[in-house]
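Chemist: Reproduced below are the annotations present in TrEMBL:
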{"type": "DOMAIN", "residues": "57-306", "note": "domain 'Nucleoside phosphorylase'"}
{"type": "BINDING", "residues": "Arg97, Arg141, Ile142, Gly143, Thr144", "note": "phosphate binding site"}
{"type": "BINDING", "residues": "Gln220, Arg222", "note": "substrate binding site"}
Amino acid sequence: MAPGSSTEKKTDDGQASKENFIHLCNPHLEKMKEDILYHFALGTGTHDFPTLFGDVKFVCVGGSPSRMKAFIAYIAEELGLGSPECDYPNICAGTDRYAMYKVGPVLSVSHGMGIPSISIMLHELIKLLYHAKCSDITIIRIGTSGGIGLEPGSVVITRQSVDATFKPQLEQVVLGKTVIRSTNLDEQLAKELMQCSKEIGQFNTVIGNTMCTLDFYEGQGRLDGAICLYDEEEKLQYLKNAYESGVRNIEMESSVFAAMCNLSGVKAAVVCVTLLNRLEGDQISNSHDVLVEYQQRPQKLVGYFIKKSLGKV
């Protein structure tokens, strides 16, 4: 079967159904006898990917290893596959680059901070799912962000990831040439997640554009970095321009996440909570307990979505 193709099979009632498999945009991989996923400490020559991961249907990724371990414990309990006392081993324990946890059809993976870090992880994650012969995969990034014009604690479901000039694209240099890739995300999936939030009814949720930057300080117009060569008026005007263009939050991973999922034929979404309103300041001042509760909101929403998708709601 060619990478990225769909195959038909017969269901119990004799109806034909299609399965969507991962698409690999790399013909060179077909010639390799073994594929070593170095940053995961996994390889096709040492691990049985279909046995380990073949039942995965949902992949949730986020920056922090501890947060992704907390998510797998949460979803395990929600799906009736574990309890708070259970321990979930790190599948990538052979490396300190990323952490990976699995329970039932759900895989939880950390990606670090920034485009380079999540890009490396996604290359190996997409290959892992391909080698495992996974089909009909949904990948969701859950995380934190800075809001624009939203109350702290609001959840943003990304419509498009835009760059620092508000364009829905990822600009990447490959072999010395600039390549432009689309950063749109699955519209129907965003609507389904929004409906789930309405059913939960616990926190404000919006669908909006997410600005993905290359930096936490100057790239996001902060005044509190080690270097800042603009004034507060210029900063506020920039953020207001972003808001008027449809941007509702800022983070540092969504553009390459959207672009790579698009190229791989994977249904994807970004769900981030806002920790502050950037129109009102640059530093996060809420208490630890408040921030912990905020950070649980994306996992509650995505957990509910997974339960609903599996018919457990």
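Note that Cβ sites are derived from N, Cα and C of the backbone, with glycine treated the same way.
Because TrEMBL annotations are produced automatically, they should be read as predictions rather than curated entries.
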Chemist: Calculate the distance in Å between the alpha carbons (Cα) of Arg141 (phosphate binding site) and Gln220 (substrate binding site), and round it to a whole number.
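Modeler: One finds 20 Å between the Cα atoms of these residues.
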Chemist: Any same-chain residues 6+ apart from Arg97 (phosphate binding site) with CB under 8 Å of its CB? Would you list them in sequence order, or say none?
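Modeler: When sequence neighbours closer than 6 are ignored, Arg97 (phosphate binding site) has His39, Phe40, Gly112, Ile120 within Cβ distance under 8 Å.
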Chemist: Among Arg97, Arg141, Ile142, Gly143, Thr144, which the record lists as binding phosphate, how far apart in Å are the two most distant Cα atoms?
Modeler: 20
Chemist: Counting across all protein chains present, how many other Cβ atoms fall within 10 Å of the Cβ of Ile142 (phosphate binding site)?
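Modeler: If we count other Cβ atoms within 10 Å of Ile142 (phosphate binding site), we arrive at 27.
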Chemist: Within the domain 'Nucleoside phosphorylase' (57-306) only, compute the mean pLDDT.
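Modeler: Mean pLDDT, the domain 'Nucleoside phosphorylase' (57-306): 97.
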Chemist: Pick from Arg141, Arg222: which of these binding-site residues has the biggest number of other Cβ atoms within 10 Å of its Cβ?
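Modeler: Sorting the candidates by Cβ neighbours within 10 Å, the top entry is Arg141.
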Chemist: Nearest to Gln220 (substrate binding site) by Cα, among Ile142, Gly143, Thr144 (binding-site residues)?
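Modeler: Comparing Cα positions, the closest of these binding-site residues turns out to be Thr144.
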Chemist: For Ile142 (phosphate binding site) and Arg222 (substrate binding site), determine the Cα separation and express it in whole Å.
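Modeler: Rounded to the nearest whole number, the Cα-Cα distance is 23 Å.
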Chemist: Just the number: how many Å between the Cα atoms of Arg222 (substrate binding site) and Thr144 (phosphate binding site)?
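Modeler: With distance taken Cα to Cα, Thr144 (phosphate binding site) is 17 Å from Arg222 (substrate binding site).
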Chemist: Within 10 angstroms of the C-beta of Gly143 (phosphate binding site), what count of other C-beta atoms is obtained when all protein chains are considered?
Modeler: 22
